[in-house]
């Protein structure tokens with residue numbers, strides 16, 4: 001019985017290593033400088049109109065550009 005549990009434990013550790021589980025230190029809230037560098041907002045979208053402060057075309061809203069001009 002103990003042998004089977006040991007084999008099962010080894011198989012589980014090989015399939016799901018502990019390094020695959022995200023640690024607390026890997027959270028974006030702990031790294032504000034990197035979070036600021038990775039800022040991908042709608043203002044950097046090629047369909048965004050900076051004068052109107054909205055997306056140029058209505059169909060671009062389906063692609064994730066927001067807010068829509070209407």
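Any Cβ shown, glycine's included, is placed from N, Cα and C.
Record features, source Swiss-Prot:
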- 54-69: disulfide bond (DISULFID)
- 55-65: disulfide bond (DISULFID)
- 61-68: disulfide bond (DISULFID)
- 67: 4-hydroxyproline (MOD_RES)
- 69: cysteine amide (MOD_RES)
- 1-20: signal peptide (SIGNAL)
Site of maximum Cβ density within 10 Å, from disulfide-bonded residues 54, 55, 69: 55
Integer Cα-Cα distance in angstrom, residue 55 (disulfide bond) to residue 67 (4-hydroxyproline): 6
